[in-house]
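Worksheet for the structure shown next.
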Ligand SMILES: O=C(O)[C@@H](CO)OP(=O)(O)O
Ligand SMILES: [Mn+2]
Ligand SMILES: [Mn+2]
């Protein structure tokens, strides 16, 4: 759909709510609502500010859906994630997301008829098809069944030589599950070999240490992957993926899937079996954008100075999707991305709303790029300021659970007090980033830090007579163990240890509104019990004094006579 004509961008004034109140929009990353037990880090943490907001229920505090179809994912079993969560928050409508679009393209076989695949296919007669991505069925960045279908379909469509470059997960799925996925991959590759396709694993490494950095936090991560995938070089060399994982784990008591060191697979003569060479085809098979963009740049850009690529092979490269609509990156892709248009950010800027958005690097793109429908950059440099606080590099965030929460709080406070902005939007990463480490103690500290940052922002809103809207993009820190779905009791592994959950969850997230600028008659409607993240954009527009576009999901608030 094309954008409306310039007149259509005008949002009508809300009949009852006035413009001119500063609105703080706070997104707590990975902050859901779940049973209050010892494995709920948010519950255990001292979070007086968030607790006090809860007292406003049901008129000023409620829960909203942040997973599954409510955010455009295939099923109720799909946990939420930052991409789909911030897309829904910013766009005010539910778009079928990457996971679903790829499923459809594979089920119908359309993926193999598209221009992207045809481009890849050009290399099949003489070159190798390389598939790089996350080995997981988490459904956040990739899914194993999609990789399977892509390998089989490519073979059926003429690929003679396939090399997989696998990134182990342990973040969207249980730590340790890389062994299971690697075993499955090796079986599937063997099956292909039986059918006459020369199919092998070529390299591997853990997602957080190899390749899948985001927002240019640490190019070394991408370089490690480049060396293994393209140059066929890594400090660790093995004959098979399983052998690699077993050895690396045995060698390091702290080994985990997310931080597995890079390795390459070698043949009997000690030569890497699958470096990327001139004339090869490459597909990055993750559907999610943020953690593939840096590699896409390294693979596609002629001018590139982020690290020494040593050798830049002439390849036909396609992403599973196009990851950045504004940069048109990558230029070739197998499946069209969701066309997220007319986002609230674009509307608001066209209606003169001045916006300040801030987070630290690891989540900076969430409140900007994802919020704006996977679009880089500002809509209007005169009305917007996006501020990035550099994240710590090279650490797992349980080592530094405070992260930059207080710095984000300070920046937001200053932006609010400056009077220069109508909307001040932040993402507070702590619950999520520390929750992903599986370290419960550190996650508790992380949640306390996020709560303090919320307080700083709410205090500033108090001072200027503004309004706040506090919510989250999906669950994480509220549930740190894998549970028996029937009893909710923690599940034990074969050694009798509690299984730690490093992933997001399917739990709902809170939303709270308030502040001295909130009209007394404003309250959450009772007739939207299934409301989700996509209902937030219209709510924000109302709080800023506008009616939302007619096709946005309905606002969560109503104004009653008080
Ligand atoms: O770290 C990430 O990439 C995901 C989990 O895979 O988390 P989030 O969606 O919160 O960014
Ligand atoms: Mn998130
Ligand atoms: Mn996360």
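Each residue, glycine too, has its Cβ placed from N, Cα and C.
For 22-547, the entry in TrEMBL reads domain 'Metalloenzyme'.
If you look up TrEMBL, you'll see 29, 82, 473, 474 marked as Mn(2+) 2 binding site. In the structure as shown, the Cβ atom of residue 29 (Mn(2+) 2 binding site) sits within 10 Å of 27 other Cβ atoms.
Sequence-distant contacts of residue 82 (Mn(2+) 2 binding site), defined by Cβ-Cβ distance under 8 angstroms and a gap of at least six in the same chain, are 29, 290, 363, 366, 370, 432, 473, 474. What TrEMBL lists as active site, phosphoserine intermediate is 82.
According to TrEMBL, the domain 'BPG-independent PGAM N-terminal' annotation covers 102-324.
Per TrEMBL, substrate binding site is recorded for 141, 171, 172, 207, 214, 288, 289, 290, 291, 363. According to its DSSP assignment, residue 214 (substrate binding site) is coil.
Residue 432 (Mn(2+) 1 binding site) carries a helical DSSP state (H, G or I). The Mn(2+) 1 binding site annotation in TrEMBL covers 432, 436, 504.
Close contacts with ligand 3, defined as a Cβ under 6 Å from any of its atoms, occur at 432 among the binding-site residues 141, 289, 432. Close contacts with ligand 2, defined as a Cβ under 6 Å from any of its atoms, occur at 29, 473 among the binding-site residues 29, 214, 473.
The Mn(2+) 2 site is set by 29, 82, 473, 474; from the centre of their CB atoms, other residues of the chain with a CB within 8 Å are 27, 30, 66, 80, 81, 85, 86, 366, 427, 432, 472, 476, 504. When the Cα atoms are compared, residue 436 (Mn(2+) 1 binding site) and residue 214 (substrate binding site) turn out to be 15 Å apart. In the structure shown, the C-beta of 473 has more C-beta neighbours within 10 angstroms than that of any other entry among the binding-site residues 172, 432, 473. Using a 10 Å Cβ-Cβ cutoff, residue 504 (Mn(2+) 1 binding site) registers 30 neighbours.
Within the same chain, residues at least 6 positions away in sequence whose Cβ sits under 8 Å from that of residue 291 (substrate binding site) are 141, 207, 211, 212, 213, 214. In sequence order, 29, 30, 171, 431, 433, 435, 474, 476, 477, 502, 503 are the residues of the same chain, not among 432, 436, 504, whose CB sits within 8 A of the CB centroid for the Mn(2+) 1 site.
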